[in-house]
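Asker: Please see the structure below; I have some questions.
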Amino acid sequence: MNIIITGANGYIGRYVVKELLNKGHKVIAILFDGESPHSFLSGAELFYGDIFALSQEKKVDLVQNAECLLHLAWQAGFNHRDPSHLNNVMKHYQFLTSMAELGIKNISVAGTMHEVGYFVGPIDANTPCNPRNPYGIAKNFLRQAMFDFASVTPELNLRWLRFYYITGDDRFNNSIFTKILKAEDEVQEYFPLNSGEMLYDFVDIKDLSLQIEERIISKESGIFNCCSGKPKSLRTAVEEFIAEHNLKIKPKYNVFPARSYDSMAVWGAK
């Protein structure tokens, strides 16, 4: 399958590109002008440009012979209150709908558990959404808008891939584990945390890439979890990470309160 990937050079994108190439797919990886491709993109066709500012001519060139679009691009995903989420959401929508109008009939879009908002228990495709921060609000709007567009575009096969907490290659994922490694490098004795009692869904980046590949080549439309399906406490995840990496730093709990929009137990249903 010939697959266009936005955000191809990002933390998730580079692993997905590698997985798709290993499975024999042709990948068209979109990068910003002047961006240096990660080594995992070796073998992919590189397409340079800002997806929010592509001319019609460049869009036509992009979709030639392509069968599928995987939209991973998103700015400031780890800063849930960044103004870019709401400022850019219509640009994402306009890009995606323009791709469909140019003939791409299989579109998969990265979603997030933060669309759901405060919720306790397993999340599935029918879980009500009431997002509590700009990141979740923007992603939730994009999901609703895209499925509305799909409802009047019957030839479009739309898949919404809902991501959870991603681990692996932790030097580069900007997660709590990245911060633990940075604190270890700085020879800090303790790493401050909240209670650590919350249960989350942690999925390794390599497993996530496999799940994404399976979904984007399927013929199903709808909302799909890309997750482990297993709740694990933050405390357990942190202590396992420290032990596995032979770190000297120690977790210090109850330094920070939990975020107002974080539930005590939330994970993806599989």
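Cβ coordinates come from backbone N, Cα and C, glycine included.
Among the features that Swiss-Prot reports, active site, proton acceptor is placed at Y135. According to Swiss-Prot, the feature NAD(+) binding site maps to Y11, I12, D50, I51, L72, A73, W74, Q75, A76, N87, T112, Y135, K139, an assignment based on similarity to another entry. Summarising the annotation, Swiss-Prot assigns substrate binding site to T112, Y135 and lists similarity to another entry as the type of evidence.
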Asker: At the Cα level, what's the spacing in Å between T112 (NAD(+) binding site) and Y135 (active site, proton acceptor), rounded?
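Answerer: Cα-Cα distance, T112 (NAD(+) binding site) to Y135 (active site, proton acceptor): 9 Å.
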Asker: Show which residues of the chain containing the residue listed as 'active site, proton acceptor', separated from it by at least 6 in sequence, have their CB under 8 Å from its CB.
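Answerer: Same-chain residues close to the residue listed as 'active site, proton acceptor' (Cβ under 8 Å, separated by 6 or more) are A76, G77, N79, H80, R81, D82, H85, T112, H114.
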Asker: State the count of C-beta atoms found within 10 angstroms of the C-beta of D50 (NAD(+) binding site), not counting that atom itself.
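Answerer: Cβ-Cβ neighbours of D50 (NAD(+) binding site) within 10 Å number 13.
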Asker: List the same-chain residues at least 6 positions away in sequence whose Cβ sits under 8 Å from the Cβ of K139 (NAD(+) binding site), in sequence order, or say none.
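Answerer: When sequence neighbours closer than 6 are ignored, K139 (NAD(+) binding site) has H85, G111, T112, H114, E115, P131 within Cβ distance under 8 Å.
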